[in-house]
Amino acid sequence: MVVEDSQKSTITDEQNPSRVDNDDDDLEDGEILEDADDAASAASKPPSAFLRNPHPLENSWTFWFDNPSAKSKQAAWGSSIRPIYTFSTVEEFWSIYNNIHHPSKLGVGADFHCFKHKIEPKWEDPICANGGKWTMTFQRGKSDTSWLYTLLAMIGEQFDYGDEICGAVVNVRNRQDKISIWTKNASNEAAQMSIGKQWKEFLDYNEPIGFIFHEDAKKHERSAKNKYAI
């Protein structure tokens, strides 16, 4: 949402000022197309016309990457997650999005997150601790557009219960990609059902989706059952 307008305004792909081909095979998962040390400066230098009239978002957001090459069976869960970049304007978002690999280009095992600034994409984060997540599944390599539209709806504050949303994550796995939206208060059924229904509408997603409490996921892992479904 652009702060200057009291009504919700949609951020769309047509507003992307500099679409680029990010098919650089030499780019490592989770890295910016520029040198990693120059990522922040590269992303904060959109065309001068956009610098003159930035469009602030209602919230600042941080991209996080979980590098599969850094994972090991001995490592604590979440220990390899690292922040990539924080953005607070529409222009900064597009500068970053245009210079990172999209899900179809990430290696198997990679997790890419976009969470509200100062919320870590971990169950242990105090804001996430009592929450849960909605999850959609996609054929391997076919989640790019849905990931983008999820981000646009989320950072553009298109959800009626946007304050309930912590962030979103795309998980790249052998047989499928998964996109999840994490929320704060899993027991608030009205909020969770609203978020799930709107998300399906935004993406025109016709398959059933389920909501799992983080607490259940911690206890039962893959055998955790959906508490809500749409």
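From the backbone N, Cα and C atoms, a Cβ is placed for every residue, glycine too.
Of the candidate ranges 55-58, 115-118, 183-186, Swiss-Prot annotates residues 55-58 with the feature region 'EIF4G-binding'. Note: Gln176 (mRNA binding site) has non-local neighbours Thr137, Phe138, Gln139, Arg140, i.e. same-chain residues 6+ apart with C-beta under 8 A of its own C-beta.
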